[in-house]
Amino acid sequence: MVEGGATKADKAEFSECWQTTWKTPYIMRLALSAGIGGLLFGYDTGVISGAMLYIKEDFEVVDRKTWLQETIVSMAVAGAIVGAAIGGWMNDKFGRKMSILVADVVFFLGAIVMAVAPFPGFIIVGRLIVGFGVGMASMTAPLYISEASPARIRGALVSTNGLLITGGQFVSYLINLAFTKTKLTWRLMLGIAGVPAVVQFVLMLSLPESPRWLYRRDKVDEARAILEKIYPANQVDEEMRLLHESVESEKAEEGAIGDGSIITKVKGALSSQVVRRGLWAGIIVQVAQQFCGINTVMYYSPTIMQFAGYASNTTAMALSLVTSFLNAAGTVVSMLTVDRYGRRRIMIISMIGIIACLVVLAGVFFQSASHAPSINALESTHFGSNSTCPAYVSAPDASSWNCMSCLKQQCGFCANGDNEYLPGACLDLTKKVRGECRSNRRVWFTEGCPSKIGFLAVVVMGLYIISYAPGMGTVPWVLNSEIYPLRYRGTGGGIAAVSNWVSNLIVSQTFLTLVETLGAAGTFLLFAGFSFLGLVGIYFLVPETKGLQFEEVEELLRQGKKHKSSKGQKEVPAQ
C-alpha cells in the first residue's frame, strides 16, 4: 500500500471475520460501502500513469514540458494533504458519514472537470479537486469501518480498506488498457472515476452514522440502535458499557492535554521523550517508504516501461499491470505475515531487497542508454528538412549522436524501418512529425530508446514490488498505529502521515526532472542511496513492537531499546 492506514490482523481474525459477516451481512455492507473510498483512492493513484501517455499526445505543451507532467501527477497529492486536514476536522464536526458523502461529491466534480478539460490547466484543477476527495476519504473510510465493526474482527475489516486501495490501482490499469483504442482515451480514463463515487454516495445514504460519533454527541439511543444491528442481542449492553468507558476515557485524556488545540497537542507530544523517540521511528519509516521511489512506479509505471524501450502505449500499460498486481498481492501477504515475523525485521529485509533491485535497475538503464541506436543523417532528412530535430542540425558533434542524445534535446527518435536497433532518425517533437513516422510503419520513441535488454527492467521492477509491498508497503502504517502513547496516538500518527504525504509530493513532483538531469540510471541509483539511509535509520532507531501491549511499547521507548528483553535475549539499546 502506498498511502493509507493498515490495522494488523492475523489468520484467525480473518477466519472469524468471514464467519461473522456471513451470519451478519449488514457488517460487510457497512465495511464495503465505506471501503469504496479506498478503491477511489487507489484508482486515482494508478489511473494518471496511463492517462498521461495520451494527455501528452493531445497537448504538445505537456509533451515538451516535464514540469507540467509532474504538476498534473502531483497536484492530486497536494490536494490530498489539504483534504486529509479538512477531513480530520469534518470527521469530528459533522460525522464520518457526512464526511464520506462530501468526499464523494468532491471526487465526482473533480472527475468531471478532468474529463471535459479543454487545456492542461483544467486537468490540473481537476486533479487538485480529486486530491481533496482522496485526502478526505483516506482519513474517513478506515475510521468509519473501525468504529462500525465488532472489536474482534476490526483489524481484518480495516485491512480490507488497504486491500481495496491496491485493488483500485490494479483496476485503474485495466481501465486504462480498455480505453487505449477509443477516441477519448484519457478523458474516459479520468472521468470514469466518478462512477464509483456515485455508487458509494447512494450506498452511504442508507447507512447509519458511526455509533461512536453519535455517542460522543449524546445521541445514545441512536448509537444503541446501530449496535443492535451489529452485535447479538445478548452482547449489546456490554458493548454499550465498553463504548461509554472508551468515550469517557478519551474525553479525560483530551482534558489532560489542555485546550485540545493542534498546537497544544504537538507541543505536548514533543515535550515527551517517549513520544519524540516514537516520532523519530514513525517519521523515518514513512519518509523511507516514499523515498525508496515507490510512487514513481505507481504514478509513472508506463513511462518507466517506455524508458526501458517499450514505446507502444498499449504495451507499456499492459506490462504495468504486472507491477500493480504484485503490489495488491503483496498487501495480502503482509496481512498474513506482519504478526508472525515482526515489523522491524520485515522492514529491514524489505529495504535490502529494494536497494538491490534499484541498483540493478540503474545498471539496466545505464546499459540501455550506452548501447542506444545511433542517429543516421540520411534517415533524419527522410521526412523533409523541416522535420529534423533543430538541435541535431546545429550540433557540431552530430555524427556522435545516438538515440539518447536526441531525446535529451526534447526531440523524438523514429526507429529504422527495417530494424529498430539500426541507426534511426532524430526528428522534431510535433504531432505532425510523429504521425509521419508512424504512417511509415516505424516506431516513435520519446521516453526511452530501443533496447535488447529492456525486458530485464520489467523483471527487476517486478522483483522491486515483491520486495516492497509485503514490507515497506504496509508495515510503516502498522508501526505508526501502535508506537505512540494513547494520549498522543492521533497527534503522532497525524505528524507521521503528513511526512508521508509531503515526501510523496516531493518524489512525484521531481521524478521526471531528475530523469532529465541524471538519466533514468542516475535517478534510480539516487533512490537506492535514499533507501540505504532509510535502512540505516530503521536499524538504529526503530524498535520491534511485535506482540507487545501498548504499555510495553511505551516502556521500550522510555528505556531507549529496540527489543523487549527476555530470558537469554540481550537488550539492544536504541541510538
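Yeah, the Cβs are placed from backbone N, Cα and C, and that goes for glycine too.
Bear in mind that the values here come from a model prediction, so they are computed numbers and not experimental data.
Annotated features in TrEMBL:
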DOMAIN    30-546  domain 'Major facilitator superfamily (MFS) profile'
TRANSMEM  30-55  transmembrane segment
TRANSMEM  67-86  transmembrane segment
TRANSMEM  98-117  transmembrane segment
TRANSMEM  123-145  transmembrane segment
TRANSMEM  157-179  transmembrane segment
TRANSMEM  185-207  transmembrane segment
TRANSMEM  279-301  transmembrane segment
TRANSMEM  307-334  transmembrane segment
TRANSMEM  346-366  transmembrane segment
TRANSMEM  453-479  transmembrane segment
TRANSMEM  491-512  transmembrane segment
TRANSMEM  518-542  transmembrane segment
Task: Intrachain neighbours beyond the transmembrane segment (123-145), with Cβ under 8 angstroms and 6 or more residues off its ends - done: 3-5, 7, 30-31, 34-38, 40-41, 44, 48, 55, 71-73, 75-88, 90-91, 96-97, 99-100, 102-104, 106-107, 109-115, 117, 154, 157-158, 160-161, 190, 193, 197, 210, 501
- [ ] Using a Cβ cut-off of under 8 Å, list the residues of the same chain at least 6 residues beyond the transmembrane segment (453-479) that approach it.
- [x] 1-2, 4-8, 162, 166, 281-282, 285-286, 288-289, 292, 294, 297, 301, 304-305, 307-310, 319, 322-323, 326-331, 333-335, 337-338, 343, 346-347, 349-354, 356-358, 360-361, 364-365, 367-368, 500, 542, 545
Open item on the list: For the transmembrane segment (67-86), I need the partner stretch with the highest count of C-beta pairs below 8 angstroms, choosing only from 98-117, 185-207, 279-301, 491-512, 518-542.
Closed with: 491-512
TODO: Please work out the mean pLDDT for the residues of the domain 'Major facilitator superfamily (MFS) profile' (30-546).
DONE: 88
Task: Contact call for the transmembrane segment (518-542) against the transmembrane segment (98-117), three or more Cβ pairs under 8 Å - done: no
